[in-house]
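These notes concern the structure reproduced below.
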Amino acid sequence: MMNKILPGLCLIQALVVALWAESCSEPPQVPNSVWNIDTSNGTKVTYRCTKGQLFGEQTLFCNASRQWHASPPVCKDCSKKSTCEEASDSWKVPELELSWLERLYDFFHSPSSHCMKPRVENGEITSEGKERYSAEDTVTFQCSAGFQLEGSPYVTCTENGGWKPELPKCMKYTTSNMKEFLYHGKKLEDLKPRLELYKLSLEIQKLELEIKQKQEA
């Protein structure tokens, strides 16, 4: 497991290094260790041993001369207690899967080309549900029982991290708002002229049939 963890950690550390390129150089490499950077109040790096115990300065500070203020620590194999009595507390790398580290790297590497899972009140995604989507991914919504979808049931993840078109709404069904509901993508109210034309066409067909029957008689 350790062999899987370390390559992923190196990727994350490589990202962090770019954040202080204008201050000190990359922290000194210490075998059998990992480190993390803190820039909230100046720049400092803290080492943790992945094997053995730590001797020396656990935290190095970047001074005004853009140099680390002390020599890096070392991680010693403490197979004998007498050799490690003065060691600092060591920290073991948590058992994380490499796939988790890869997702973390991918998230920071390209945050704007992904969308978080869209949520619609009283609605659900009928297509494959994920927590994050890539650009051009499309999801399909449907409403819970007793609710009617208003808007497009399909939305697509854009490169800027948003959804297009805007997310639909699930409206509670009532007789008063029935005219606002959709029928094959169109509001029933908008279909009223079509229904009137259809009724008129039926009346014309009936009249033509009556005329034809009289002529044949």
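Any Cβ shown, glycine's included, is placed from N, Cα and C.
Note: TrEMBL annotation is automatic and uncurated.
Counting only same-chain residues six or more apart in sequence, the Cβ atoms lying under 8 angstroms from the Cβ of C143 (disulfide bond) belong to V120, N122, G123, L149, C170. Residues annotated as disulfide bond in TrEMBL: C143-C170.
The helix, strand and coil residue counts that DSSP assigns across the domain 'Sushi' (22-77) are 0 helix, 25 strand, 31 coil. Annotated domain 'Sushi' per TrEMBL: 22-77 (among others), in sequence order.
Residues belonging to the domain 'Sushi' (113-172) score a mean pLDDT of 86 in the model. The domain 'Sushi' annotation in TrEMBL covers 113-172 (among others).
Here TrEMBL flags 1-25 as signal peptide.
According to DSSP, the domain 'Sushi' (113-172) comprises 1 helix, 29 strand, 30 coil. Of all the Cβ atoms in the protein chains shown, 20 others lie within 10 Å of the Cβ of C170 (disulfide bond).
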